[in-house]
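One structure is given below, encoded as structure tokens.
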Amino acid sequence: MSAETAAAPSVSPRRRRQLRLLRQTAAALTGVIAAMTLLGWALDVAVLKSLLPGHATMKVNTAVALLLAALVLGACDAERRWVRSGTFAASVAVLLLGLTTLAEYATGYRLIPQMLLLDRAGADEFVKMSQISASACLLLGWRGLQFQRESSVLVAQGLALAIVGIALFALSGYGYAMGTRGDGAPFNPVSLHTALALLLLGIGWLATQPDVGLLRILGAENFGGELARRTLGPALLTPVLLSYAAQVARRNDLLSEGATITWLALASGAAVVTMMWWASTLLDRLERQQRAATALQLRANTDALTGLGNRRAFDASLAELLAKRGVSGPRTFSLLLLDLDHFKSYNDAFGHPAGDEALHQAGMLLRLALRPGDIACRYGGEEFAVLLPGAEGHNAVRVAERIVQEMRSALWTRRPVTASVGVAEARPGDDAAALIARADAALYAAKGAGRNRAVLAAKGE
């Protein structure tokens, strides 16, 4: 696994379920649209053939291709061999329908009407899909075959984006047509429900690869993923809405042709600025929430009296060092367990407020004595624990002796406070309990030898 892949934002199980539901819903809705269109042709129901009176109809072969494409998308998670063979055949059929229609436009020869024994006039109304629809069928078939072969992410998602682009192009045409109250879209139209079905299929195919490419960011639980999810929909719909608004203004003579073009330019810029402002506001809010969450986590892992990490922070840091040892972390590390000598008598003599003051000063001295990257925590009571990443036993003893010296030479307000330190280097196969037990034994050895010193755990311990 590359470093880039390892560092990529991950898609949560919840987001995976949502994306799977999205592609299944897209497949189901497309299948319903195609089936209802075929029913409309069978029963001669105009509204099922064309959602908008006077506009283009979805042709029979387009409906068949979309129905097959929906079945391929819906079955993309299937593992059974016969299902995958069926989706392969369906993808080939969709691709051939698109390719054959494009060949008919290029050569003028009507292959599909010849196969169906239809006269040319009847065939044009029944099975003559537009070049846009034919191109989309070609891409849908190709995308289905790419899924069978598990091809490159760039090709697979490029095909899905091209399908989405065709759908948005057609929908923009409808925005233009509805704004002018024309009888159809101004360029090579497709039916409205064909455009919607293509949009569903394109989005559905994008959702089949949540861990790579565009969906890796879109599905990630981070700032980038949240920003993409919030702004993608408005960015896709804005061209359609602006086209519609411009044509409404032009139709009602609210603006001249030149003023309409100027208005479109200004509105496009305003839309971009609005989305940038929205995105900036979103990122600012997310960052503030992240800072608040980080502060809460820091407080939860910090000992309020000493300002060092608490026992929870120590346990988490030790577990991380053990898990990453020799893999992505240091090959070795050492643990110091430190105890303030005769601290109970200090508390008894001067009271708990004075004891708290001494603990606070001990925490400051620990921070001053350690290297950057060392981890100091209050282990409990008057005991402290220090993790030294990368330090072998003999180097850890030097650090421990420096801590003992800092404690010994510090200016204490009431009476001198010293410390005993047990040192243990992590061994292969050590778990947290074993390492702590050896450091604790070394600490008791330091106390038994007269306190105010550091002792390294014996090799045999």
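Residue numbering: from 1, along the chain as shown.
Glycine too: its Cβ is placed from the backbone N, Cα and C atoms.
Note that TrEMBL annotation is computational and uncurated.
With a cut-off of 8 Å between Cβ atoms, the residues of this chain six or more beyond the transmembrane segment (21-43) that come close are 49, 58, 60, 62-64, 66-67, 69-71, 73-74, 76, 126, 193, 196-197, 200-201, 203-205, 207-208. Summarising the annotation, TrEMBL assigns transmembrane segment to 21-43 (among others).
Long-range neighbours of the transmembrane segment (55-76) within the same chain, counting only residues 6 or more positions beyond its ends whose Cβ lies under 8 Å from a Cβ of the stretch, are 23-24, 26-28, 30-31, 33-35, 37-38, 41, 49, 83-84, 86-87, 90-91, 93-94, 97-98, 101, 112, 125-130, 133, 137, 140-141, 144, 147, 174, 177, 183-185, 189-194, 197-198, 201, 204-205, 208. What TrEMBL lists as transmembrane segment is 55-76 (among others).
Annotation comment: TrEMBL describes 88-106 (among others) as transmembrane segment.
Here the transmembrane segment (154-176) has long-range neighbours at 52, 55, 132, 135-136, 139-140, 142-143, 146-147, 182, 185-187, 189-190, 192, 194-196, 198-199, 201-203, 205-206, 209, 213-215, 236, 239-241, 243-244, 247, meaning same-chain residues at least 6 beyond its ends whose C-beta is under 8 angstroms from one of its own. The transmembrane segment annotation in TrEMBL covers 154-176 (among others).
The annotation transmembrane segment is assigned in TrEMBL to 196-219 (among others). Within the chain carrying the transmembrane segment (196-219), a Cβ under 8 angstroms from the stretch's Cβ atoms is held by residues 8-12, 15-16, 19-20, 22-23, 26-27, 29-30, 33-34, 66, 69-70, 73, 76, 136, 140, 143, 147, 153-154, 156-157, 159-168, 170-171, 190, 225, 228-229, 232, all 6 or more beyond its ends.
Taking Cβ pairs closer than 8 Å, the transmembrane segment (261-283) reaches residues 223, 226-227, 230-231, 234-235, 238, 242, 245-246, 249, 255 in its own chain, all 6 or more past its ends. According to TrEMBL, the transmembrane segment annotation covers 261-283 (among others).
Here the domain 'GGDEF' (331-459) has a mean pLDDT of 90 out of 100. Residues or ranges marked as domain 'GGDEF' by TrEMBL: 331-459.
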Query - Secondary structure content of the domain 'GGDEF' (331-459), with strand meaning DSSP E or B - result: 60 helix, 31 strand, 38 coil
